[in-house]
């Protein structure tokens with residue numbers, strides 16, 4: 001308890017932590033908790049099982065409680081908040097609605113970005129709902145720019161989504177990431193006129209007074225939304241003229257300057273630099289903290305941690321809510337209506353509730369993105385940006401929005417790019433470092449070579465069902481085609497998985513498959529061996545965990561595996577990410593992961609807490625044709641076996657290349673064993689029992705000491721010499737002075 005209290009954690013949380021037998025904070029907790037309590041944005045990386053959830057949950061719970069306590073006691077905060085409302089009383093570019101490298105002059109009209117690699121944009125302080133309007137932009141240098149109109153929902157990167165319309169210096173018009181030729185190029189000293197006819201739904205532009213014609217027709221889905229003047233720059237400078245000064249090229253045909261627009265046509269920006277809701281106004285559906293997880297299992301796990309940490313917090317009590325798919329929305333809405341302080345959820349259902357206004361983000365103080373690399377790899381970057389844009393950057397009590405990003409791979413390009421966009425000078429806490437395999441993990445590769453192992457020919461039809469990638473191909477023995485070898489690999493992998501279980505008498509293991517259909521097929525094959533979900537204690541008892549299983553089934557399957565009711569958990573990478581399963585003695589990789597970092601994540605699940613573990617990877621020596629769905633339904637009902645480059649949903653998977661990349665990443669050569677999967681015992685005293693703790697006595701410590709002994713002796717001699725010299729120097733000065 002004292003260890004956590006020394007970091008500033010309140011006694012009520014420290015007491016709950018102590019009851020969980022957390023005597024000391026983990027490294028990631030010791031580094032991150034004080035930083036978050038201090039009000040900073042934090043990027044953290046640590047291994048699964050390192051206490052990462054506690055590292056962000058504990059300070060988030062404490063600050064949410066303190067905020068609610070201040071509100072309860074009527075405290076307004078120590079800082080007087082400067083309002084940005086005065087900015088909205090005139091037409092100018094909005095300092096509260098711009099990119100991080102976008103500068104605005106004191107007049108609010110001269111704009112500049114000197115970032116040469118990235119685009120940075122800005123919107124105006126006011127928008128329009130009706131009428132015919134016009135403004136001018138003058139180019140001050142030869143940098144790149146796009147100017148035009150966008151709604152409040154649009155990205156600041158003008159023209160890259162369906163809510164903005166841009167015209168660029170390269171002579172292209174842009175909308176929804178579609179760049180088409182329009183008008184002509186423009187550069188320094190040119191003046192671009194931006195026309196908006198909301199009544200007709202038309203957008204057009206002019207160059208130095210020359211009408212370039214119709215550029216866009218405004219789609220129906222945004223006709224009732226206000227459109228704001230907008231631009232995006234890359235190493236460029238512009239100056240806007242909304243009509244306060246005389247236009248260089250006055251508009252015709254009834255278009256009027258923005259500054260002359262009637263008040264009933266105008267909508268002010270929502271971005272004012274303040275929280276959108278006053279401190280005293282209570283909104284039951286407006287949480288103080290939002291934690292986003294990539295999977296429902298991880299969300300449930302995090303919510304359980306939050307419940308444990310807040311156990312002794314009272315007056316006011318904290319109210320938490322889990323928002324995930326597969327649960328009746330009306331139940332979640334009922335809890336929201338009664339008030340909620342902390343929300344933990346997955347992107348799909350969160351997006352639904354936010355977009356319909358059921359979940360209000362106007363009072364969010366904390367935004368936590370757990371397993372951010374997983375969220376980005378699943379394609380949720382747009383959702384994250386949209387959500388972040390709706391959260392006020394400064395709360396009504398003068399506190400800044402805190403963003404916490406947790407990722408297994410902080411140094412990935414996507415995570416870096418995200419952090420630069422949504423975080424404010426974040427502190428990096430990277431305790432993971434370079435990927436490496438723990439000493440408690442023995443990992444080996446089993447080559448799956450259909451050319452030397454002809455078992456697949458002899459099995460006939462008594463083999464695992466394959467994924468139907470080759471349903472239309474000739475894969476009979478003797479075809480000698482890539483398709484035949486690929487099908488043979490799929491059959492052999494099923495046999496090798498069974499062989500590995502029998503050879504090592506596995507009593508518990510996680511088995512990773514590449515796709516959901518592979519998981520289903522392996523589960524079915526284990527059922528043919530007499531096992532399956534309902535065969536408790538059987539050698540091949542197993543359950544499946546992947547996105548196509550119903551939520552209650554996934555939860556039930558995970559619990560059954562944890563309790564030991566079944567021996568094997570067959571799952572995909574996405575489903576297993578971050579799940580709190582400790583000390584599993586075995587892992588089988590039926591297929592190597594697409595990303596080399598995931599190899600370390602997989603095998604890192606064995607051998608925890610000083611328990612030895614064995615990870616076996618089945619690696620095909622020939623290329624295997626596998627599913628790679630790019631279709632809109634993400635594989636459901638898809639039978640398009642053509643290659644991706646031919647418009648299909650398959651690719652050739654080269655596991656030998658992937659193995660090479662993994663070995664280069666880990667800077668080691670992974671041992672290979674024969675197809676009989678007999679693993680040589682060469683650890684410690686030659687007696688290794690996987691799943692058991694290392695034998696006491698130091699293992700190979702003696703050999704380590706023998707190697708270091710000469711160096712230690714040399715250091716001891718140097719230490720003795722240094723101390724002797726110091727003692728002599730104590731008398732030497734007096735002797736020197738006597739001489740003179």
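Glycine residues also receive a Cβ, built from the backbone N, Cα and C atoms like all the rest.
Annotation source Swiss-Prot lists region 'Necessary for interaction with HNRNPK' at 1-295 (among others). The average per-residue pLDDT of the prediction over the region 'Necessary for interaction with HNRNPK' (1-295) is 88, rounded to a whole number.
Marked as region 'Interaction with dsRNA' by Swiss-Prot: 1-448.
Under the heading domain 'Helicase ATP-binding', Swiss-Prot lists 2-428.
The ATP binding site feature in Swiss-Prot is assigned to 46, 47, 48, 49, 50, 51, 52, 53. The number of other Cβ atoms within 10 Å of the Cβ belonging to residue 51 (ATP binding site), over all protein chains shown, comes to 19.
Marked as domain 'B30.2/SPRY' by Swiss-Prot on the basis of sequence analysis: 70-247.
In this view, residue 239 (N6-acetyllysine) is surrounded by 17 other Cβ atoms within 10 Å of its Cβ, with every protein chain counted. Taken from Swiss-Prot, the feature N6-acetyllysine covers 239 (among others), and the record attributes it to similarity to another entry.
Applying an 8 A CB threshold to same-chain residues 6+ apart, the list for residue 268 (N6-acetyllysine) reads 88, 125, 126, 127. According to its DSSP assignment, residue 268 (N6-acetyllysine) is in a strand. What Swiss-Prot lists as N6-acetyllysine is 268 (among others).
Per Swiss-Prot, N6-acetyllysine is recorded for 281 (among others).
The motif 'DEAD box' feature in Swiss-Prot is assigned to 370-373; the stated evidence is sequence analysis. According to DSSP, the motif 'DEAD box' (370-373) comprises 2 helix, 0 strand, 2 coil.
Taken from Swiss-Prot, the feature phosphoserine applies to 481. Taking Cβ-Cβ distances under 8 Å and a sequence separation of 6 or more, the neighbours of residue 481 (phosphoserine) in its chain are 473, 474, 475.
Annotation source Swiss-Prot lists domain 'Helicase C-terminal' at 493-681.
The feature region 'Necessary for interaction with HNRNPK' is assigned by Swiss-Prot to 525-740 (among others), with similarity to another entry given as support.
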Binding-site residues (50, 53), the one with most neighbouring Cβ atoms at 10 Å: 53
Residue 53 (ATP binding site) in three-state DSSP notation: helix
Around the Cβ of residue 46 (ATP binding site), the count of other Cβ atoms that are within 10 Å: 24
Residue 52 (ATP binding site): tally of other CB atoms within 10 A of its CB: 26
Residue 239 (N6-acetyllysine) and residue 50 (ATP binding site), distance between Cα atoms, whole Å: 51
Pairwise CA distance, residue 51 (ATP binding site) versus residue 239 (N6-acetyllysine), rounded so that it is a whole Å: 51
Alpha-carbon distance [residue 239 (N6-acetyllysine); residue 46 (ATP binding site)] in Å: 46
